[in-house]
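Quick notes on the structure that follows.
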Amino acid sequence: MHDIEYIRQNSEEFEKAMESRGMKEFSAEEILKVDHKKRLLTTKLQDLNRQRNEITKKIKELKMSKSPCEKQIKSSKNITNEIEAISLKEQMEKDKLVNILSNLPNIPVQGVPIGAGENSNLEVRRYREKRQFDFVPKSHYELGERLGLMDFEQAAKISGSRFAILKGQLAKLGRALINFMLEMHVNEFGYTEVYHPVLVKNEAMYNVGQLPKFSDDSYLTTDELRLIPTGEVVLTNSVADKIVEEKKLPIRFTAYSECFRKEAGSAGQSTRGMIRQHQFGKVELVSITTEDQSNDELERMTGVAEEILKRLELPYRVILLCSGDMGFAAQKTYDIEVWLPEQNRYREISSCSNCGNFQARRMNAKYSLEANKKVKKYVHTLNGSALAIGRTIIAVMENYQNPDGSITIPNVLQKYISNGTVISK
């Protein structure tokens, strides 16, 4: 949610920011008109309430002196009726303003490349040389099906398209990755592990910017609960409607979450197998910070996600997203892309974003200053995948495959799989 005062004072700058987010020929005029109308009604209400209070005081004085007060009582009733009518109009304008602002994305911070799509993204760094194969590398789905450990056909019979069943050593590999990631985040980087619901209210989705704009992308149950598209929804909402002491920030949470999205993706090689699923597992990171901490926290969070790939010895690159390619709530985002040999390209495996106070305004999350506890400011929120489990499985399978179709288990994971070293038939 945007600060209306900022829009009043910086309408042209705000328009440019929205245009950089892909809203062509955006104008702040409608926002300012609705805001002006609402403010006039608010001023009128304040004046009427003042008049009614004065009349009420006068009525009390007249009654105490046993003087006639019918005229004042009638006047008070008329003002009350007028207040009720104007209050309804004011609420309508408030709702209209909130609806407009709720559908507008966050403003990019300085340093974010301005552009419409991925061609304007900026590569920041790379890690590790790509493995040179002396055979033609196979895809993860070909490897998995040949091993008899990955079943898309039966999953489709049970649940439809875009689902997968993993069995045996591949299922263990997924569990090993979850344990490895969570233990690293908790034991080495100070995150608090959270076990949380996967069904949430619409309000929780609204707070993080998933609603109203992306309503059709999530699964809605018959009792108006939604399956989470990311663990960020629950972890970020942990501070909704709260005031946190500044000295307790930053707060860092991590959780393994089953996530659900309706996206079907486009047909073709890039979406075959487990690349884009309706249900997928993800280890999430969320940080709640002061406004002064969030920039450094984004760098730290991205570094934590990178550390997983470094320990798995997987080639990757870090991309700074341009203004038109960022998520709705983000003001700055780094994507981490892992190398997939069979596809001969990098694919996203993590996205780490600083949302500033955008989500905090929607969910009314603040912190009290240590120097003056009466002063409250909106917290800053950050979120990142560290990492998407399915895509990490894919990356391990494709980068660690052997000529016979077996898969070498990365050293760092072997202790989680009974010291196994190879996945084979």
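Heads up, the Cβ atoms here are built off N, Cα and C, so glycines get one too.
Per Swiss-Prot, the features are as follows:
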type    : residues                                               : note
BINDING : Thr230, Gly231, Glu232, Glu284, Ser385                 : L-serine binding site
BINDING : Arg261, Lys262, Glu263, Glu348, Ile349, Ser350, Ser351 : ATP binding site
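Distribution of Swiss-Prot features across the structure.
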residue : record                : DSSP (3 states)
Thr230  : L-serine binding site : coil
Arg261  : ATP binding site      : coil
Glu284  : L-serine binding site : strand
Glu348  : ATP binding site      : strand
Ser385  : L-serine binding site : strand
Among Thr230, Ser350, which are binding-site residues, the residue with the most C-beta atoms within 10 angstroms of its C-beta: Ser350
Most crowded position, judged by CB atoms within 10 A, among Glu263, Glu284, Glu348 as binding-site residues: Glu284
CB within-chain contacts under 8 A for Arg261 (ATP binding site), separation at least 6: Asp217, Ser218, Pro229, His278, Phe280
Packing count at Ser385 (L-serine binding site) (other Cβ atoms within 10 Å of its Cβ): 27
For Glu232 (L-serine binding site): intrachain residues, at least 6 apart, with Cβ closer than 8 Å: Val208, Glu284, Val286, Asn383
Cα-proximity to Ser385 (L-serine binding site), 10 Å cut-off, over binding-site residues Lys262, Glu263, Ser351: Ser351
Cβ-Cβ neighbours of Lys262 (ATP binding site) (radius 10 Å): 14
Cβ-centroid neighbours of L-serine site Thr230, Gly231, Glu232, Glu284, Ser385, 8 Å, sequence order: Val233, Leu235, Ala255, Ser257, Cys259, Lys282, Leu285, Val286, Asn383, Gly384
Sparsest-packed of the listed binding-site residues (Gly231, Ile349, Ser351) - C-beta count within 10 angstroms: Ser351
Alpha-carbon spacing, Glu263 (ATP binding site) to Thr230 (L-serine binding site), which is rounded to whole Å: 13
Distance [Cα-Cα, Å, rounded] between Lys262 (ATP binding site) and Gly231 (L-serine binding site): 16
Residues Thr230, Gly231, Glu232, Glu284, Ser385 [recorded L-serine binders]: greatest CA to CA distance in Å: 9
Distance from Gly231 (L-serine binding site) back to Ile349 (ATP binding site), taken between C-alpha atoms, in Å: 15
Farthest-apart CA atoms of Arg261, Lys262, Glu263, Glu348, Ile349, Ser350, Ser351, residues recorded for ATP, distance in Å: 19
